[in-house]
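Here's the structure, in structure tokens; my notes come after.
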DNA sequence: CTACGACTTCAAGCCAACTTGAGGTCAAGC
DNA sequence: GCTTGACCTCAAGTTGGCTTGAAGTCGTAG
């Protein structure tokens, strides 16, 4: 099987060597051995790196991503947790959609002040629905939520 | 006009007071004055906080978000940049969609190993297309890209 | 009018995710 | 067989985004 030096992995994945070493340290990727000192990677790691990049883009932490791979290196989670994650992503997408629409609207809107524009306000209301956990009940303590 | 103490803003927005002060220091939000020592915020800031939360969720840094507001506090960017941002978000959404579909697929797939599953591989190929900037040409230097 | 608790400032601390630097090893081409 | 440059380790540094703590101020309910 064809093995790659870290530099080749870096070039093909766009991820710098320092980061690859760091990822290996965290257990996100694995080198299959050494040639002299040099780590050897096989091609599967490229796929894994795509998945990692994807996960990062989706806002997962490295530790969370690591948890999604079993020690065998395969994606491995209880099915219902996978589905729950997928649903999180769906919600995340809804936020992005709102922001995207807001930006597009602002780009096109003629109103002198956005605060006065009904479309803008509607978008912002949609925004608050998706963003604010709203823990209003019980306001009697000091600066809370820590 | 009805003004709010920082604690009320915190409760209504879900953003802790320490963070609100920090945001004000960065210029992301503004207090309109003081009552004694206490900052007074008006209701518009809640809207702005939604927008900020949205921007954060979309992966923008606080500095980038600050740059989207003019000093008047209104969303303010050249129209084409706004549209470019919106397009970034669109791409971002595509990534999320791929990841979501991948997770859902993994949750349902019967194949013993995902690497052998054609659907999985197809999703991963889609993933690489969206994630890898791929600066392959010219590999002749030391550990580059810094 | 006093006590309480919600606020204030400012400096320091913390975590994640990397990057940088110094000093060293090694494989391959000349 | 020597040089070169791509790799190695390990510790320390950096950035972004906040939080924490100490020490102090002040509005308001009782």
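Counting begins at 1 with the first residue displayed.
Note that Cβ sites are derived from N, Cα and C of the backbone, with glycine treated the same way.
For the coiled coil (B:79-106), same-chain residues at least 6 beyond its ends with a Cβ under 8 Å from one of its own Cβ atoms are 58-59, 68, 114, 119-120, 123-124, 126-127, 130-131. Here TrEMBL flags B:79-106 as coiled coil.
For B:131-146, the entry in TrEMBL reads compositional bias 'Basic and acidic residues'.
If you look up TrEMBL, you'll see B:3-71 marked as domain 'HTH merR-type'. DSSP labels the residues of the domain 'HTH merR-type' (B:3-71) in these numbers: 39 helix, 11 strand, 19 coil.
For B:126-146, the entry in TrEMBL reads region 'Disordered'.
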